[in-house]
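Reading through the C-alpha cells given below for one structure.
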Amino acid sequence: MSSDRPVALVTGANKGIGFAIVRDLCRKFLGDVVLTARDESRGHEAVKQLQTEGLSPRFHQLDIDNPQSIRALRDFLLQEYGGLNVLVNNAGIAFKVVDPTPFHIQAEVTMKTNFFGTQDVCKELLPIIKPQGRVVNVSSSVSLRALKSCSPELQQKFRSETITEEELVGLMNKFIEDAKKGVHAKEGWPNSAYGVTKIGVTVLSRIYARKLNEERREDKILLNACCPGWVRTDMAGPKATKSPEEGAETPVYLALLPPGAEGPHGQFVQDKKVEPW
C-alpha cells in the first residue's frame, strides 16, 4: 500500500557530496529521504551516522551500473510511495590524475557509470516522478572546460537545441571507440575522460528537460544539471576549496525549488546561478 508521503532520493550517497545532500534534505525536505549506495554495509553505516545527528533517512541499495538494481529501486518507490518527488543523481566515479590505468580503459569505465548509469536511472525513474517533481543531475564545471576543449564541430553538436538522446549516446560511444584506437585527440576530443562523461550528463539533462516540456509540461517538473564546485572528497582530494556541505548547497537548492517555480529548467547551474552552456 503506497503512502502519499513525499519522498526524495539521492544516489551515491554513503559519503562525500551525496552524503551531505542527504543530510541537508533530511533537515529541509518535508517527507522521507532515501539514501542509496552500491555497498549495503556502507549505506547502513551512513544512515547510522545520520541517526546519531537526530536525522532519519531510509536506505535502499542501488548500483547504477546494474539495471536489475535500478528496477528493484523503482519497484520499491512505486510500492511504498506511488512514485518519486525528488531525484538527485549524484553517483559517479573518476580516476586519479596519477592513475596508471590506460586512457581507453578509463574512458570506458568512467562512461559506463557516469553517463550510461545515470541515463539508466533516468529511464526507470523519470516516468515515476510526480507532478511538481525536481530532478538534479550532478555534473561538473569540468564538463564546461572539456566542452571548450572539443573541436568546433563537437561543440556545435553538444550545444545543439535539437540533439537527440540517440545522437548523444552515439557520440559517447564514439569517444570510447576513438580512445581505444588512440585517435581521440585527432577526432577533436579533450584529454579528460571524466570531462567527456560529464558533458554527456549535462547534455542529457538538456534533452530530458526538453522531453518533459513536450510530454508533461502541465506537471511543472524541473530538471537541471549542476556543478557542486571543487569539493574535498575522496574523488577530488584534500586540497579542494569547498567542504561537502558547501558542495551540497546548489544540488539541494535545485532539489527544493518551490512549487510553482518556472525555472531554472534544462540549465547548467553553479553556485545557484545559471551558467551559459
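Cβ coordinates come from backbone N, Cα and C, glycine included.
Feature annotation from Swiss-Prot assigns active site, proton acceptor to TYR194. Listed in sequence order, the residues of the same chain lying 6 or more apart from TYR194 (active site, proton acceptor) and placing their CB within less than 8 Å of its CB are ALA94, PHE95, THR110, ASN114, SER140, VAL142.
LYS15 (NADP(+) binding site) carries neither a helix nor a strand DSSP state and counts as coil. The NADP(+) binding site annotation in Swiss-Prot covers 10-34, 63-64, ASN90, 194-198, 231-233.
For ALA193 (glutathione binding site), other Cβ atoms within 10 Å of its Cβ number 27. Mapped onto three states, the DSSP output places ALA193 (glutathione binding site) in helix. For PHE95, LYS96, VAL97, GLN106, ALA193, TYR194, the entry in Swiss-Prot reads glutathione binding site, with the evidence type similarity to another entry.
In three-state terms derived from DSSP, SER140 (substrate binding site) belongs to neither a helical nor a strand segment and is classed as coil. The substrate binding site feature in Swiss-Prot is assigned to SER140; the stated evidence is similarity to another entry.
SER2 (N-acetylserine) falls outside any helix or strand according to DSSP and counts as coil. According to Swiss-Prot, the N-acetylserine annotation covers SER2, on the basis of similarity to another entry.
Long-range Cβ contacts of SER2 (N-acetylserine) within its own chain (separation 6+, distance under 8 Å): LEU78, GLN79, GLU80, TYR81, GLY82. Per Swiss-Prot, phosphoserine is recorded for SER2.
If you look up Swiss-Prot, you'll see LYS239 marked as N6-1-carboxyethyl lysine, on the strength of similarity to another entry. Of all the Cβ atoms in the protein chains shown, 7 others lie within 10 Å of the Cβ of LYS239 (N6-1-carboxyethyl lysine).
According to Swiss-Prot, the feature region 'Disordered' maps to 258-277. For the region 'Disordered' (258-277), the list of distant contacts is 132, 139, 141, 143-144, 147, 159, 202, 205-206, 208-210, 212-213, 220, 222-227, 229, 249-250: same-chain residues at least six beyond its ends, Cβ to Cβ under 8 Å.
With the fewest other Cβ atoms inside 10 Å of its Cβ, the least crowded of the binding-site residues ALA20, VAL97, VAL196 in this structure is VAL97.
Per-class residue totals from DSSP over the region 'Disordered' (258-277), listed helix then strand then coil: 0 helix, 6 strand, 14 coil.
Taking the C-alpha positions, the distance from ASP63 (NADP(+) binding site) to GLN106 (glutathione binding site) comes to 19 Å. Taking only the Cα positions, the spacing between LYS239 (N6-1-carboxyethyl lysine) and ALA193 (glutathione binding site) is 21 angstrom. In this entry, PHE95, LYS96, VAL97, GLN106, ALA193, TYR194 make up the residues listed for glutathione, with the farthest two CA atoms of the set 11 Å from each other.
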